[in-house]
Amino acid sequence: MKDHLIVFDTTLRDGEQSPGASMTRDEKLRIARQLERMRVDVIEAGFPAASNGDFESVRAIAEAIRESTVCGLARANEADIRRAGEAIAPAARGRIHTFIATSPIHMEMKLRMSPDQVVEQAVRAIGWAKEYTDDIEFSAEDAGRSEIDFLCRIFEAVIKAGAKTINVPDTVGYNVPEQYAHTIRTLIERVPGADKVVWSVHCHNDLGLAVANSLAAVMAGARQVECTLNGLGERAGNAALEELVMAVRTRQDVFPCDTRIDATQIVPASKLVSGVTGFPVQPNKAIVGANAFAHESGIHQDGVLKHRETYEIMRAEDVGWGANKLVLGKHSGRNAFRSRLQEIGIVVASEEHLNHAFARFKELADKKHEIFDEDIQALMSDEVVTPDQEHYRLVASRFHSETGETPRADLTLSVDGQETRTSAEGSGPVDAAFKAIEAIAGSGTELLLYSVNAITTGTDAQGEVTVRLAREDKVVNGQGADTDIIVASAKAYLNALNKLHSKLERLNPQL
């Protein structure tokens, strides 16, 4: 029987640290439920000590998720670990993931600690974590640039202290596959008690080698891979979950292990993360890109038509492509709408929130004859800010744009429940709408990105607009969808402003 390869997803923690990818609690819950549906083994739900918002998100996920292990990240200090322990307390299966830097440059320049002090602190951290759970993971930050003898020493110490999973992160994406595999193999051979723990890897993609390094480590004995959907993450991102899972599954002739992932949920999960974060998936992205199973060449098309395995090493339907279908229409009722939301992993915060979302759905159904899952997900992407967080909302709009005249936007906004009218002119209707909103919300916000995508086909398709706003050191993405692109743009801008308004300062740990 083959070994079980544990899939540890950190989309909600490391993935969220990608600039602009900040998520609300409800957005994180939607993704966590989809990860559970996909049968991910461990969900790293966040960094509870970073902010009250992060703590509440991790705790909400711990309360909601029953099948997957829910993990909270903590630095190797008592305050962080106690905060993580409190956050995961409601979980059916909870884990604390604690870390400390081990490379010479980090110990000297960042921690200002000696190697002896680092080992002592790591052991103390395991002791604090054991007060909350027996499932403890220890990471040596920047292990990829750490001295192998010191890694052996600190890993031996934390294993004796009670750590159950040992993670060897390539924090800055510096390693190459052969080198990384040698490191993992050496650690497993040299560290006393290595056979009593699960060896884990966490690779970054700075040199485009995150997946290759992770797979090389698996061949060397690692049995947990840490990854994110769509490879989302800081800088160049993390190892992509979908690529790791399908590489191992497709090449069972090579790999001595397999995952328990339901691969048919991969594409729906990818689309959900893309929609929530506003980070589009590149068309040629392996597994989840729109062109991943497209064949343009006549020779390839001929081969596939005669026998699909001539050019396809896996089936599109096995990873969730082709599963979308017409689900609702203008005559669908509230219960049918609620049921469909649940089926695609969307949980609303309250009956009030459901009523508001259903009203939006009925408005869409009057404009659009056929409504697909993508339409519902896009509609909900600017509904995930719960009513108490919705400081700005578009109530009504009117746009004037005639040849030779300056475009103008007249908007009615709800600001903390009070309706306010605002108008502005601009170089185009979108510019006018944004300036009208700024007249109410105030200036000081920089627009970093504006993009439009058609959600489905047809002339009545909704347009989904993504905007990225920056204010001081905060960067957020906002989404809005409508059959009218100008309205969608205004919704996206307001969605981003709501996120900026409620976003708390948070720490961004590096692993």
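Glycine too: its Cβ is placed from the backbone N, Cα and C atoms.
Cβ neighbours within 10 Å of HIS204 (Mn(2+) binding site), excluding its own Cβ and spanning all shown chains: 27. Per Swiss-Prot, Mn(2+) binding site is recorded for ASP14, HIS202, HIS204, ASN238.
Feature annotation from Swiss-Prot assigns domain 'Pyruvate carboxyltransferase' to 5-267.
Here Swiss-Prot flags 393-511 as region 'Regulatory domain'. Per DSSP, the region 'Regulatory domain' (393-511) is made up of 31 helix, 51 strand, 37 coil.
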Average model confidence [pLDDT] within the domain 'Pyruvate carboxyltransferase' (5-267): 97
For HIS202 (Mn(2+) binding site), nearby residues of its own chain (Cβ under 8 Å, 6 or more apart in sequence): THR10, SER139, ASN167, VAL168, PRO169, ASP170, THR171, GLU226, ASN238, ALA239, LEU511
Candidates ASP14, ASN238: member of the binding-site residues with the richest Cβ shell (10 Å): ASN238
Cβ-based neighbourhood (8 Å from the centroid) of the Mn(2+) site, residues ASP14, HIS202, HIS204, ASN238 excluded: THR10, PRO169, THR171, CYS203, ASN205, ALA210, GLU226, CYS227, THR228, GLY233, GLU234, GLY237, ALA239, LEU511
